[in-house]
């Protein structure tokens, strides 16, 4: 490592303006842990805002397409006769919004979802490749500003009286491309600042941004529906643009960029018995001098393929709920009553509240057991009965619906959170890379990009299948959860074998044994 004066001179030039401003106020440089806190908070807000913009479509669906099926028609007529005052019905029922208010409205909305997520998935692979070769702060800022712009343009269709399906399709596709910059970037930045110690728990808590973003998006979009559905897109679009500027002003990409001293940080540089400070998981020299890992090389890292394929099916389940849960609630009689779009949107947030707890539990359990695959597979298997009970008994009463929705969210989002954060970062700093840190964004993009293909397929199939039977949709989701668990079988067996071997030898366990197979 070079002298301390050289990196400091460079870092003064490359330090974000916000960091320099804070240091001027404080009168001294910020500590390593202060930078870590800034990274956690800023990346949390950044990706929460991504999900807030992503969630709005599901809230507005039942407004764009209020009479999408026979079930929906019965639901509107029944409410008209017995529950609503005529003065309040004009907007609640309305005629929807062409072209989504026809007999094929549900299918068209499903096509919007798959267009968005398909471009998002493809863009993810390129974003990871670019992210490992660019300034992540600039890259993330551009992605967030672009996402804000095109999310708002979807809402502009309301005031512009636009009824062209192609307009909404193109806007969603471009928004998906900009959205793909987010995940590889935030995980790579986080991986640059945090080592493996308690990584599952830290990232489990940090990954609550997904659910917090979904909840925020649901509440904001639902609250603004009464003013016109366009606001449900424009306001979240402005929110993510604002957070994007915060990222540009204050986010430190890695310790070297701000001249932060890693020494003494027990999270990033664990010590070995009988030695001084061990070599950091992400060697500072490698950030500058090591060539970025290629796409094919990243796929060959042990554990990347099975976890990527597992996430394909895990995200298929999670994103079907993300895009269709409010719609499903409005078209399902709970205790003999149908809920409005606004109430359904608010109620659906409980799925994400369960997801927050699930992500934290999955991270904590995987840290305690030192077993990522066992934890992820167990959660996926538990999601199967949770899905079955929610479909079978969620209609009995509102209390039962809430309880089962919460439990389902916990088991569905737990492994999803674990794989996209701690597992991706583990693999991005895998021992086979020999200290090369410039694989984090690429590995993260491969795993989440593959998962996003499943995320595109799930909502698309749901758009077609739900018009015939919601029971068939839940059967599809249970099958996907089962396959996701089975795909980790080899890694689970390896982890179990390693645990047995360790019990017999009473030696020191190796770090993440299953990921070495």
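Each residue, glycine too, has its Cβ placed from N, Cα and C.
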(Q) Tell me which of 258-280, 281-303, 396-418 corresponds to the transmembrane segment entry in TrEMBL. (A) 396-418
Q | Given ranges 30-50, 51-71, the stretch to which TrEMBL attaches the annotation transmembrane segment | A | 30-50
**Q.** transmembrane segment per TrEMBL - which of 206-227, 426-447, 448-469
**A.** 206-227
Q: For the transmembrane segment entry in TrEMBL, name the matching range from 473-493, 494-514.
A: 473-493
Q: Please indicate, using numbers and ranges, the residues of the same chain that are 6 or more beyond the transmembrane segment (138-159) and have a C-beta under 8 Å from a C-beta there.
A: 46, 49-50, 53, 56, 97, 127, 130-131, 167-168, 171-172, 174-175, 177-182, 185-186, 189, 228-234, 236-241, 243-245, 247-248, 251
**Q.** Close approaches to the transmembrane segment (304-325) from elsewhere in its chain (Cβ under 8 angstroms; 6 or more beyond its ends)
**A.** 54-55, 57-58, 61, 113, 117, 214, 298, 348, 351, 373, 376, 380, 383, 387, 408-409, 412-413, 415-416, 419-420, 423-424, 427, 443, 446-448, 450-459, 462-463, 466, 473, 477, 480-481, 483-485, 487-488, 490-491
Q: For the transmembrane segment (206-227), name the stretch out of 30-50, 233-253, 345-366, 396-418, 473-493 with the most CB-CB pairs under 8 Å.
A: 345-366
Q | Among 165-194, 233-253, 373-390, 396-418, 473-493, stretch most in contact with the transmembrane segment (345-366) (C-beta, under 8 angstroms) | A | 396-418
(Q) Quick check for me: are there 3+ Cβ pairs below 8 Å between the transmembrane segment (107-126) and the transmembrane segment (165-194), leaving out pairs under 6 residues apart? (A) yes
Q: May I ask which of the stretches 233-253, 373-390, 396-418, 473-493 has the most CB pairs under 8 A with the transmembrane segment (30-50)?
A: 233-253
Q) What mean pLDDT score does the domain 'Major facilitator superfamily (MFS) profile' (41-497) have in the model? A) 79
